[in-house]
Every structure is written in C-alpha cells, then in structure tokens.
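Taken from Swiss-Prot, the feature phosphoenolpyruvate binding site covers 22, 23. Look at Swiss-Prot and you will find 102, 131, 132, 133, 134, 135, 172, 173, 174, 175, 317, 339 tagged as UDP-N-acetyl-alpha-D-glucosamine binding site, backed by sequence analysis. Positions annotated as 2-(S-cysteinyl)pyruvic acid O-phosphothioketal by Swiss-Prot, on the basis of sequence analysis: 126. The active site, proton donor annotation in Swiss-Prot covers 126 and rests on sequence analysis.
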C-alpha cells in the first residue's frame, strides 16, 4: 500500500495546473447513459474514482474511448474521453462496484429514465456520516417511479409510458439528489420543477451539458430548476469545469507553507467564499487571465472562524484543509460543520502532528501553535488525507501519510504538482 512522505519547511513557488473537477466529471459521465449517441467530455481528470466509474458504465453497455483511443493515457493532466451507449445491456448496478463509490449510485436516474426499470445497490464510498438515499427515492417517486428496497438493492420502476414531470421540493439541499432528479426529468413526460435545488457549479455544469444534448433546463445555479421533458437526447461535446476543491486545496497549501503560486486553468468565481476566507487569514489572492495567484510571504496566519454551508457558502470539502491551516494561526479559531455529522476524523491525526483541537458537537476549536512536528499519520477519507499533506508541508521534519488510496480518489498527481513548486513530497510504493 502506497504512502506519501513529506519533508516540511519549504515554501511553494511556481505554477500548479488545476485539473477538471471530479465532482463534475462523475455526473457528466453518468449522463452518457441517457443517449445512444456519443458524449465527448474534455478535461477529465485521471483519478481512481473516474477509472472505477468507467468500469461501472462499461457494465451497463457504455463504450469508453480515452483521447479517441481505447488505451489509457498516463502522461496528461487533461484527457478527452468519448462515451457511447448504443444499448443499455444491463440495468443492474451491483453491490460489488457501487459499494466502492457513492456517486455510482447516481446511475439510477438515467437507467430509470431510459429503460423504465433498474436494480441498483445501496451505495458505499466515503465513510462520512450516514448520507441517506431518502432524498433520491423521494425525488424519483415524485416523478411516478415505484421504489422498493430489497436485500440491499433498490428496485425502481417507471410507470407505463415513462416518468412523469412533477413539482418536488427537497426537504434539504442535496447535490447528488439534484443531479439524479435533473437527469431523470430530462426524459420525463411534461415539466418538472425542482425546489430547494443544489446551486453548486457542478450542478450548473451538468445542466449545461444536458442542454447541449438537447435537454430543456432552466434555473440551474438557483434554488429552483425547471426541466421540460424531451423524447430523446443526442450526443454532445462538453468541457468539464475546473476543480474548485483542488483549487482551494492548493491555495490553502500555499497559505500554510508560504510562497507565491499561480493556479492555472481555474476561476476565482468558483470559490469566492473560500477565497475571501483565505484573504481574512492573511493570504494575498488575485485573479489572473487563466486562474488565480496566491501569496503569503512573511505574514503570519490569522485565525478565522468558518461554518460550512451549501454553495455559495464555505465548502464542506475544504473544511479539513482549512482546519489544517488554522493549526498554525496566531490565535483561536472555530470550524463548524453543518453538512455531514461525522467529518472530523482528521482531528486525531492532526493532533499527532502537534495540533491543539477540541471538539464540541459539530464545532471544532483550534488553538494555533507555533510549530507542528512531523509524524506518521493515517488518512481516513479523501479530504482528510490532503489536510494531512498540507499540515506536513509546514511541520518540522518528516511526515508520512498512509492509506493514500483515499488521496488518489480525488487529487490528480498531487505529489508531482507540489514537488514542481519546491515541496519535498514523494510517493513510497510498498
């Protein structure tokens, strides 16, 4: 099992290219099930979750060609992948594959819309709280589907003639459930109105792609999305938007280690709340023609309190990274997690590096320390793993992060990108 070794103390200076967003790429890939034509996606990141989803889609009948060929391209950050699903050959999504990644559960929407029935395993993925599927079930039921849970699977069936447009308001905001209901509604009869919809850029990206395929979606990016159903969708070509979580992660790494880095192929507008929070913490951030520049030279890190919220609030997927940054602040800060009820698993590992963090319910109190000291630590989930890398960049001595398969699910060549900017980061294969 691979490990990441970090020797702390070096500033970061240089250019880091930002990859396509994993959280956008996955639903876009799943949307290929909605059409018999070819969906071409550009700027697809090379990540473990993407590779796994390609296997899952292949089981359903999707032919996948990477960069126009069927061999894998290992030497590029940005890949173009063609997805063609002439016929859906299997409407069952097995536990063996779905349990490995929660987002693969989202195939339930397109399979139900196109074939009228499917059998999908209950999901797995990150061990962050319960993350129930109730919202998915309620949303699809509103479109006329019958849903039955049996032996760990959901058996879903559309009414005769297909799904039927409806008005439905989610009781709480859910990005995944918004993705699924929006995809399913594109082929439903009539008009669907989704209330309390997720407003994340990744939802907008999916809507833009679906519209390019012939869907009629308006309101994406607001709390109310309207979908006029169509009889079929065609192929399209779409570029995956930049990864705002990767952007924020590297921005926090620079704020932690110090230095001057340009993040290319990204957009400050994708994470304005996080950028403003970093400015309050002492980082200098400015827009460039193709991204953003972040500097922290000499100035200390100021304590800042945050509360995670759905977009446009502070992203829960940057909470662990920001907590790592606050361990070196000049005072006391508080991090309150409102999205998931069990997303502080990185706290005990940061404590191994010398962080002073105490928990009270969904709030963490961080007392900044003058120095962190390297130690062996263990990744517990995707975002927690990268928070340990960020802490290691500023820790004295050597930090070794184990179980980095979590890291490979969401960060493309992290050690290579950091090393190019002067960090001492290496992967150790065992």
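Quick reminder: no glycine exception, Cβ is built from N, Cα and C everywhere.
Mapped onto this structure are the features recorded in Swiss-Prot.
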residue : record                                        : Cβ contacts under 8 Å, 6 or more apart
22      : phosphoenolpyruvate binding site              : 45, 47, 49, 50, 243, 245, 409, 410
23      : phosphoenolpyruvate binding site              : 175, 200, 202, 243, 245, 317
132     : UDP-N-acetyl-alpha-D-glucosamine binding site : none
134     : UDP-N-acetyl-alpha-D-glucosamine binding site : none
172     : UDP-N-acetyl-alpha-D-glucosamine binding site : 135, 196
174     : UDP-N-acetyl-alpha-D-glucosamine binding site : 135, 136, 198
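Counted within 10 Å of its Cβ, the other Cβ atoms near residue 102 (UDP-N-acetyl-alpha-D-glucosamine binding site) come to 19, all protein chains included. For residue 317 (UDP-N-acetyl-alpha-D-glucosamine binding site), the Cβ neighbour count at a 10 Å cut-off comes to 22, with all displayed protein chains included.
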